[in-house]
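Chemist: Features from TrEMBL:
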DOMAIN    22-86  domain '4Fe-4S Wbl-type'
BINDING   23, 53, 56, 62  [4Fe-4S] cluster binding site
């Protein structure tokens, strides 16, 4: 489940980007997998969703939103669940590495 505590407050201007999204009016089932979907069917649906995202003028905002709230489901900003998880994992690894480097430097 998404971490709603990370969502911004009720400022409409923070959400207005969604009004420009290419996915508005597109069936949401394109972006969210049905239970049990795997393999080629899932890849085909995700690729179709990504095609919508690639022509979207607010793709970057959408991806940033999904990463910021750790959205666990669906294709957001052209990123699948697995791709977002991989990006978050890499970010955590970099933070741990940077923190370790800073600790080592401060101890010398």
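Cβ atoms are placed via backbone N, Cα and C, with glycine included.
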Chemist: Can you check how the pLDDT averages out over the domain '4Fe-4S Wbl-type' (22-86)?
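Modeler: Mean pLDDT, the domain '4Fe-4S Wbl-type' (22-86): 96.
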Chemist: Output the one of 53, 62 that, of all these binding-site residues, has the highest number of other Cβ atoms within 10 Å of its Cβ.
Modeler: 62
Chemist: Which are the residues of the chain, 23, 53, 56, 62 excluded, whose CB is within 8 A of where the CB atoms of the [4Fe-4S] cluster site average out, their centroid?
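Modeler: Going along the sequence, the neighbours appear as 21, 22, 52, 58, 59, 76, 77, 78.
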